[in-house]
Amino acid sequence: MCGIWALFGSDECLSVQCTNAMKIGHRGPDAFRFENVNGFTNCCFGFHRLAIVDQLYGMQPLRIKKFPFLWLCYNGEIYNHLTLKKQFEFDYQTKVDGEILLHLYDRFGIKKMASLLDGVFAFILLDTANRKVFLGRDTYGVRPLFKLLTDNGFLAVCSEAKGLTNITHAMATPPNIVPFPPGHYEVFNLKQNGKVQSLQLEQFHCCTQEPAHAIYDTVERLPTSFDEETVKNNIRTLFENAVRKRLMAHRRIGCLLSGGLDSSLVAATLVKLAKEEKLKYPIQTFSIGSDDSPDIIAARKVAAHIGSEHHEVNFTAEEGIQALEEVIFHLETYDITTIRASVGMYLVSKYIREKTDSVVIFSGEGSDELTQGYIYFHKAPTPKAAAEDSVRLMKELYLFDVLRADRTTAAHGLELRVPFLDHRFTAYYLSLPEEMRIPKHGMEKHLLRESFKGLNLIPDEILWRRKEAFSDGVMSEKKSWYTFLQEHVESMVNDDQMEKARKMFSHNPPCNKEAYHFREVFEKHYPGRAEWLSHYWMPCWINAIDPSARTLSIYKPDKDQ
């Protein structure tokens, strides 16, 4: 996890602008560099480093002797960098995984470079020889990237929008700050005066396509039959491969463990592979909740079963409410369910940073979208409708769950790893017949559960545990985090404010007091930036007015937990 920031064609003195780069310092607490570009006095890079791979040569912008005209600033991990280095016989100068981008770009150009990267990334690549600037972002937007482009060609880029909101520019009205679209790259001409002109914005990968790098993967081509046993075997093979490739780190690895299916499969597979790879330390797992919360109890059972070094972080409603403003500041969103679920993740990340030496943190994000895990999928009218909504959710991850997971961990200088969003695993799962992927026998994610049945990887009661929303499972069943929040906002927002909500907030007007309160806090930090969120996350097919699973008529909590 790092923070990247760059300006091309600044209208203001760079020493004034660079204070904006410090707003993302939390993303890279190990080192900072600010560097001007030779020959372009109004262009520069800012980089905050979290050292994970190659402690010595990992500072950025990355430049190597072979390509003195290339400047690379990137945030991410390229899991297949050694495979590609060997395949194409590249001569490396460092041990940095990102060096592969320079070699691939030089040999194949930007589109093939981006499509061959197996990993998570956001990059800014400058080619001074050909006067080009390139931006790119991974398929699901696991790593964030925002851009600001003025009418006169001044380009500013940053990992988080907060590093761009106070940039000085020559426009009469504030220019738009937009999230860079996942799975795309953009090409700019760099003019002699440092300004840019956008030439091309193109998609290089979509979640339903087999990734171009699959032919070089360590796992060979899989059997293509849709026979159930073959499919379940392929799911296990690709998931294990997804976890294994993410062990690439020089820092200690840990795992978030809510006690739900997804995080439990990740944690159990991680512990198993850590033993096989002979890691020199036990895997730490982390759960958060009140003493009697469903998540805490379930996570305890999983940790005992897999033999992890387990940490429980106590969570009270008061602490959660106190953290709300900080959380919204880091998230840069006012989406209801994202904020609810982020509070627990933010506080557990704070604990990990302050009390342990784990830095690389595995998590279960992406599984609900991929495997139709949300409870509302039981109400899908047809398997086709369910499959289409699954793809929609995957494409919107960067606005919701992936945004939450990145910002809450990066706020405390941790690096997130999400094996369920592995390119090959997701492309394979989405290629399966629609009927195979729907909930069955009253159980969501039936195919995923069946794939790990009988292996004793996790306890059976966890393998078949019903979906419990992260924002709901951290408190007791008697009174959920959702209920505490409703009581809190009741005292913060009055009925008069609600009546005027539509007039006050014309874009995505809040429909209840909680949404109003979140929006107020968001507008305090990011006035006039409501369009960063295109729409609220809501369940489909059931006319929901609240995203909490607990408010749905089809919700059945596990009474025996």
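Just so you know, glycine gets a Cβ as well, placed from its N, Cα and C.
Cys2 (active site, for GATase activity) counts 27 other C-beta atoms within 10 Å of its own C-beta, drawing on all protein chains shown. Residues or ranges marked as active site, for GATase activity by TrEMBL: Cys2.
Annotated domain 'Glutamine amidotransferase type-2' per TrEMBL: 2-191, in sequence order. Per-residue pLDDT, averaged over the domain 'Glutamine amidotransferase type-2' (2-191), rounds to 95.
Cβ contacts within 10 Å of Asp97 (L-glutamine binding site), excluding its own Cβ and spanning all protein chains shown: 24. Residues or ranges marked as L-glutamine binding site by TrEMBL: Asp97.
For Leu256 (ATP binding site), the number of other Cβ atoms no farther than 10 Å from its own Cβ, over all displayed protein chains, is 28. Feature annotation from TrEMBL assigns ATP binding site to Leu256, Ile288, Ser363, Gly364.
Of all Cβ atoms in the shown protein chains, 29 besides its own fall within 10 Å of the Cβ of Glu365 (site 'Important for beta-aspartyl-AMP intermediate formation'). According to TrEMBL, the site 'Important for beta-aspartyl-AMP intermediate formation' annotation covers Glu365.
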Asp97 (L-glutamine binding site) sits from Glu365 (site 'Important for beta-aspartyl-AMP intermediate formation') (Cα to Cα, rounded, in Å) at a distance of 23
Using all protein chains in view, find how many other C-beta atoms are within 10 Å of the C-beta of Ser363 (ATP binding site). 26
In sequence order, which same-chain residues at least six apart have a C-beta under 8 angstroms from Gly364 (ATP binding site)? Leu256, Ser258, Gly260, Leu261, Asp262, Ser263, Ser264, Leu265, Val266, Val418, Phe420
In whole Å, how far is Cys2 (active site, for GATase activity) from Asp97 (L-glutamine binding site) when you measure between their Cα atoms? 14
Around the C-beta of Ile288 (ATP binding site), how many further C-beta atoms are within 10 angstroms, looking at every protein chain? 28
